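What follows is a single structure, written as structure tokens, with notes after it.
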């Protein structure tokens, strides 16, 4: 009886492990049914994607993870895109100019021996 129960438990665990991976390769498709007309505060926007198709839209992703569709021709949307792009390039250039700990140590060592 215990062997049967142990075998059944093993089969259940194996089935759960196999089924867990099914469907993970399917991409999440964002579909806009309506476009937001009210302005979204730019400081709440984390990133965006541009959706082409039957309904062209810009999909903003907020810092809380919400997806909001907006009209790509709206003036506030164009301004928000420029701001988010500027924020991304500013943080990228800032990351490139900050020296690492090893670089700081090397420059200190050169200063001390010079």
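Keep in mind that glycine also has a Cβ here, set from the backbone N, Cα and C atoms.
Just so it is clear, the model here is predicted, and its values are computed rather than measured.
Taken from Swiss-Prot, the feature compositional bias 'Polar residues' covers 98-114.
Annotated disulfide bond per Swiss-Prot: 32-69, in sequence order. Using a 10 Å radius centred on the Cβ of residue 32 (disulfide bond) and all shown protein chains, the other Cβ atoms total 19.
Swiss-Prot lists 87-114 with the feature region 'Disordered'.
The signal peptide annotation in Swiss-Prot covers 1-21 and is backed by sequence analysis.
DSSP assigns residue 69 (disulfide bond) to a strand.
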